[in-house]
């Protein structure tokens, strides 16, 4: 008992001197700003890439589905590869993760711009967009995986990390809002009826050389250039305002466990498996709604003149509700917050399908924003809990944080790629007419299924899996002192 008391006393001294790393408001804000550009670009591609490939680039639905599926699948496969190389990275003067984010940013901007550029040739457009989408997915992975893992190296205090995550999610949802606003407001005119020939509204096509078609291409390139500039500015702010800390728990002279053994340990960690599987299905549902929403408003419910404002309403609601969910998870626990927040979207998406008018659309937009905020905040707030739980169970494993984050993104991206590819193929089977101003009734019916029934089924499945998630916490797994004591005693 005396020995344990001495160890506990030593641990409290260490906790008060070495491990008490409070984050300033400026550090949290700069960290959050660093994650915003990924969401700005991600929001633009999620809402508009599908309709861009079909109506502006004018590749057929099968080719568009292949671009979306292969691009997402390729991005998913690069996540564990990047995670592996990050675990092998050496510490530099600016950290171990920061060089990845700073180094890849200029190349991300270039690849993103050419993703929204229509090449002068027609036959090779499928290869063009597939190549640049795969390149963009690879480069954005090199940014996003180390950025996500950076959460663990901001502070050893989990309450501080949760606070930084809340800042991050607020700015990321705001970035999603900015991306949708920039893209939506700039390109909205490219998808309205005023560009359609009035003499043949049912099957009229816009010729590749028409003035309206040229305007479409220009506005998409302008939006891509603006978003690329935002990406550069935000990365510079993060680099100047965030200090990456090395892992203080284990001696640097200790021999590291090989990557493959660490990977096996991570994949056997039950809290990680249940959390990843649950949010895999939930993220697929959100992705289905995002990618098909503009098509749904344009061809299924005759809201093509309002879709950009409806999207902005969803995202404004999400930004405003992030602090609400942060308070809720601290008060009632993260698992409870996940169930309450994510189930909220289901009745409202169904309502929009059956009551497709403008007033209902805005009501649904406000309500759906609450669930979007919860689906963004909760997984990234719960992952550090899982990593802490893994560290307690495996105190000698160091440097495998990137595995948790990279494989979480891998599974969710791969599933989203399959769902996007399948949903676009469904449109082809329904008779989607590329470039037409009107679509067959079967296309409208398919879009209603993709917006209503399919997301509800995926969300229910994800929440049932989340019941198996074993970690129940309000603000932290352990207090800072207790966690330090356990590491010293081990």
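Heads up, the Cβ atoms here are built off N, Cα and C, so glycines get one too.
As recorded in TrEMBL:
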- 97-115: transmembrane segment (TRANSMEM)
- 127-150: transmembrane segment (TRANSMEM)
- 171-193: transmembrane segment (TRANSMEM)
- 218-242: transmembrane segment (TRANSMEM)
- 272-290: transmembrane segment (TRANSMEM)
- 310-329: transmembrane segment (TRANSMEM)
- 336-355: transmembrane segment (TRANSMEM)
- 361-381: transmembrane segment (TRANSMEM)
- 402-425: transmembrane segment (TRANSMEM)
- 445-469: transmembrane segment (TRANSMEM)
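Remark: the transmembrane segment (336-355) makes no contact with the transmembrane segment (97-115), by the rule of 3 or more CB pairs under 8 A.
Annotation: stretch 361-381 has the most Cβ pairs under 8 Å to the transmembrane segment (310-329), among 127-150, 218-242, 272-290, 361-381, 402-425. Comparison of 218-242, 272-290, 361-381, 445-469 by number of C-beta pairs under 8 angstroms to the transmembrane segment (402-425) places 272-290 first. With a threshold of 8 Å between CB atoms, the same-chain residues lying at least 6 positions outside the transmembrane segment (361-381) that come near it are 148, 151, 162, 165-166, 168-169, 172-173, 176, 275, 279, 282-283, 286, 289, 297, 301, 303, 306, 310-311, 313-322, 324-326, 329, 334, 337-338, 340-345, 348-349, 351-352, 408.
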